[in-house]
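Each remark here refers to the structure printed beneath this line.
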Amino acid sequence: MSNAITMGIFWHLIGAASAACFYAPFKKVKKWSWETMWSVGGIVSWIILPWAISALLLPNFWAYYSSFSLSTLLPVFLFGAMCGIGNINYGLTMRYLGMSMGIGIAIGITLIVGTLMTPIINGNFDVLISTEGGRMTLLGVLVALIGVGIVTRAGQLKERKMGIKAEEFNLKKGLVLAVMCGIFSAGMSFAMNAAKPMHEAAAALGVDPLYVALPSYVVIMGGGAIINLGFCFIRLAKVKDLSLKADFSLAKSLIIHNVLLSTLGGLMWYLQFFFYAWGHARIPAQYDYISWMLHMSFYVLCGGIVGLVLKEWNNAGRRPVTVLSLGCVVIIVAANIVGIGMAN
């Protein structure tokens, strides 16, 4: 396995670790509605950071974006909005199915859809099946899916042992939302594929290969921002129990506390895709579809490890922890299989 591929896998791991941890600061926000908290974090992650970093990278910010036709920008924006819908559905999926089943189904579907649809859309799937390296990477995707399933099973055992139940368990509604979440969340993978002309243009301007995907985030995350912020602002305006004014009428020290934590959460959310771009840049072009599989499977892996570090599994007993550990090992094996396949 080449150093470039190894570093690509490593950066995807770092990005996934940030994704697994990003909600921790949000949990410490006090006396704010979820909508206010999510909006503040979202403004940081979807608007401020993509624009600021692109302004630093590009020699002429406005000239870069104005050089693209609407036919190039619109699919990138819409796939970003698609991912934003997936974000909203994610929370509802957890509500009706519970964490373990919800994450298992949603992540499993988005891993398959986001990974395999890209080469199918590009007309390259037959090449993957007909080459040794392609078959090896597809095997890695299958093994990763098995690993996600094992970690999901560990979560179910943990919830059963600790008596944790879904907020409003509804299997039919939850399954529909989980499938929708999985499909729509894959929008980020599709957006990155659609944004290739933007990446090439950034490279032509002398942007470092590690950073060429970052300017496209202005458009991708702009689509996500419209959906997420629109959802939050509509609820803040229409739901009687929610009030943006009330949330910002608290003690000044508490407002600063909440803004800083929400900002940190937004920063960590953005960093998952900052390092995703770094990892994506190191993956061989013919296997760039694998980036999504690495990100999502490492997200599950890191989520399990973070749960162990935070002692969330302390009262779950030995069997759930053993199953979780097995799932994590399987995901690591999957990453190595994919790496070997890409090296071929």
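Every residue gets a Cβ built from N, Cα and C, even glycine.
The shown structure was predicted, so the numbers you read here are calculated from the model rather than taken from an experiment.
The transmembrane segment annotation in Swiss-Prot covers 4-24, 38-58, 68-88, 101-121, 137-157, 175-195, 214-234, 259-279, 290-310, 323-343.
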Please tell me whether the transmembrane segment (259-279) and the transmembrane segment (38-58) touch - that is, whether there are at least 3 C-beta pairs under 8 Å between them, with each pair 6 or more apart in sequence.
yes
Look over the recorded stretches 68-88, 101-121, 137-157 and say which has the most C-beta pairs under 8 A to the transmembrane segment (214-234).
68-88
Compare 4-24, 68-88, 101-121, 290-310, 323-343 by their Cβ pairs under 8 Å to the transmembrane segment (137-157) and return the stretch that comes out on top.
323-343
Determine which recorded stretch among 4-24, 68-88, 101-121, 323-343 has the most C-beta pairs below 8 angstroms with the transmembrane segment (290-310).
4-24
